[in-house]
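Noted in Swiss-Prot for the protein shown:
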ACT_SITE  S25  active site, schiff-base intermediate with substrate
ACT_SITE  Y58  active site, proton donor
BINDING   T57, G73, A74, A75  substrate binding site
MOD_RES   S25  pyruvic acid (Ser)
Amino acid sequence: MIRTMLQGKLHRVKVTQADLHYEGSCAIDQDFMDAAGILEYEAIDIYNVDNGQRFSTYAIAGERGSRIISVNGAAARCACVGDKLIICSYVQMSDEQARSHSPKVAYFSGENELQRQAKAIPVQVA
């Protein structure tokens, strides 16, 4: 059996640019990509915390240290500057591998400052 698992997550990054006329994609600060293990041109899913939109695109490298999150092309209709996003990448693996897999999760402040990194998401309390 093959399972699709969370590989990397950027939690609550802020959109710094939205460019409808750029050639698709989402530009992400290279430091952020490294923190979540996201590669350039990798497929990503984006969840907009502010408006509920969910969409797919691919990552491109933004200038390292710039804190850029630029939603480009048609995806720019799904997010505005200032919106909070969750950006995820996924990986497929065997059931056996999935049972010991840990994602790379990076948590951000309101101004795209990396606050902490984790290898798991906390259990949600009832």
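The backbone N, Cα and C atoms fix where each Cβ goes, glycine too.
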**Study point:** Rounded inter-Cα distance in Å - A75 (substrate binding site), S25 (active site, schiff-base intermediate with substrate)
**Key:** 8
Study note, to complete from the structure: For the binding-site residues T57, G73, A74, the largest set of other C-beta atoms within 10 Å encircles the C-beta of T57
Check your understanding: Near the residue listed as 'active site, proton donor', meaning Cα within 10 Å, which of S25, G73, A74 (recorded positions)?
Key -> S25
Review point. Where A74 (substrate binding site) and S25 (active site, schiff-base intermediate with substrate) are concerned, what is their Cα separation in Å, rounded?
Key: 9
Exercise for review: List nothing but the largest Cα to Cα distance in Å, as a whole number, among the residues T57, G73, A74, A75 that the record says bind substrate.
Suggested key: 10
Check your understanding: Could you tell me the C-alpha distance between T57 (substrate binding site) and S25 (active site, schiff-base intermediate with substrate) in angstrom, no decimals?
Key -> 5
Review point. Using the Cβ centroid of T57, G73, A74, A75 as the reference point for the substrate site, which residues of the same chain not in that list have Cβ within 8 Å?
Key: G24, S25, C26, F55, V71, N72, A76, R77, C78
Exercise for review: State the Cα to Cα distance, in Å, between S25 (active site, schiff-base intermediate with substrate) and G73 (substrate binding site), rounded to an integer.
Suggested key: 7
Exercise for review: Identify which of the recorded positions S25, A75 has its Cβ surrounded by the largest number of other Cβ atoms within 10 Å, counting every protein chain shown.
Suggested key: A75
